[in-house]
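What follows is a set of notes on a single structure, which appears directly below.
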Amino acid sequence: MQNLNDPKIIVALDFPSQNPALALADQLDPAKCRLKVGKELFTRSGPDLVKALQSRGFDIFLDLKFHDIPNTTSAAVAAAAELGVWMVNVHASGGEKMMVACRERLESFGNDRPLLIAVTVLTSMSDEDLAGIGIASSAEAHVSRLATLTKNSGLDGVVCSAQEAPRLKAEQGSDFQLITPGIRPLTADKGDQQRIMTPTDALKAGSDYLVIGRPITQAPDPLAALESIHAEVVAV
């Protein structure tokens, strides 16, 4: 059974602006999910949206995938920490110096620091896509390489597909957090995610948190959809 005080579902607020995002949030239960704010929504609506969601009781995963020189990226994750988000991410391909700088910058926040997660291989990318940018290894092998770099840099975990989860748990240890997008109940459309898995299967594979978007946000009754998936998740 899952810890009910640590919701495993992260609902992706993939909306173009604040009003529909808040309207959806008002239909959800912060005891059963956290919320992910990504690039489009944050660029348009900014920190005020994050604060509005936090005022409704939600923990926020700020999904901006920072990737820049160490000083710039570490300043960005510090700004996220000042905003009080629960989780923030960077691109592992930014390298060890960048990731270490981010981790060190967050140490001053103590127990209030957000989880610092790295992005490995985007779930929309196939082996052919990786080959197109000069990476000859498979997506799975490249994820493992970047996950090892992430752990060696002292970060909390990685974003990865559920298919890589068993291997990453074996390689990196049970405390290394795995955040998995591409989660779809069997009845949902595959969308643009190439590597997908059901919530139950993902948790059993080793995923710690599940990012779920359209199956909840575009459901006729988002709360009912959330509660259905939540019931499935807590039973694992």
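Note that Cβ sites are derived from N, Cα and C of the backbone, with glycine treated the same way.
Under the heading active site, proton donor, Swiss-Prot lists Lys65, citing sequence analysis as support. Look at Lys65 (active site, proton donor): DSSP puts it in a strand. Annotation for Lys65 (active site, proton donor): spatial neighbours Lys39, Asn89, Val90, His91, Val119, criterion Cβ-Cβ under 8 Å with sequence separation of six or more.
The feature substrate binding site is assigned by Swiss-Prot to Asp14, Lys36, 63-72, Thr123, Arg184, Gln193, 213-214, with sequence analysis given as support. Within its own chain, Asp14 (substrate binding site) has Gly38, Glu40, Leu41, Gly213, Arg214, Thr217 as residues 6 or more apart in sequence whose C-beta sits under 8 angstroms from its own.
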Inset, instruction - Starting from each candidate's C-beta and looking 10 angstroms out, tell me which of the binding-site residues Pro70, Gly213 has the most other C-beta atoms. - result: Gly213
Inset, instruction - Please work out the number of neighbouring Cβ atoms within 10 Å of the Cβ of His67 (substrate binding site), leaving out its own Cβ. - result: 17
Legend entry - Fewest-neighbour residue among binding-site residues, criterion Cβ within 10 Å, set Leu64, Thr123: Leu64
